[in-house]
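What Swiss-Prot records for this protein:
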{"type": "DISULFID", "residues": "31-82", "note": "disulfide bond"}
{"type": "DISULFID", "residues": "35-57", "note": "disulfide bond"}
{"type": "DISULFID", "residues": "43-63", "note": "disulfide bond"}
{"type": "DISULFID", "residues": "47-65", "note": "disulfide bond"}
{"type": "DOMAIN", "residues": "21-83", "note": "domain 'LCN-type CS-alpha/beta'"}
{"type": "MOD_RES", "residues": "84", "note": "arginine amide"}
{"type": "SIGNAL", "residues": "1-20", "note": "signal peptide"}
């Protein structure tokens, strides 16, 4: 029983390390993925497409996702390229 509990703890720790990224989904243009005119479930669906566990439309402007893999590109103010072309 002790080994099983230890196994579960290790499993959850690995899951937290592997998929711990959260942030705004970014489109191909470098901008946040807009959700202003989308249905309520749009962001949750978009987040699950990139293997995130959940997401919502933050202030009705942009999709924010939780627990995404590290390979997913997210919008960051420091590296913002939105509106500057490719």
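Note: Cβ is positioned from N, Cα and C throughout, glycine not excepted.
Features recorded in Swiss-Prot, as mapped to the structure shown.
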residue : record         : DSSP (3 states)
31      : disulfide bond : coil
43      : disulfide bond : helix
57      : disulfide bond : strand
63      : disulfide bond : strand
82      : disulfide bond : coil
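For residue 82 (disulfide bond), the same-chain residues that are 6 or more apart in sequence and have a Cβ closer than 8 Å to its Cβ are 29, 30, 31, 32, 75. In the predicted model, the domain 'LCN-type CS-alpha/beta' (21-83) shows an average pLDDT of 93.
Recorded residues residue 63 (disulfide bond) and residue 84 (arginine amide) have their alpha carbons 21 Å apart, per Cα-Cα distance.
In this structure, of the disulfide-bonded residues 31, 43, 47, 57, 65, the smallest number of CB atoms within 10 A of the CB marks 31. Non-local neighbourhood of residue 35 (disulfide bond): 42, 43, 57, 60, 61, 62, 63, each in the same chain, at least six residues away, with C-beta under 8 Å from its C-beta.
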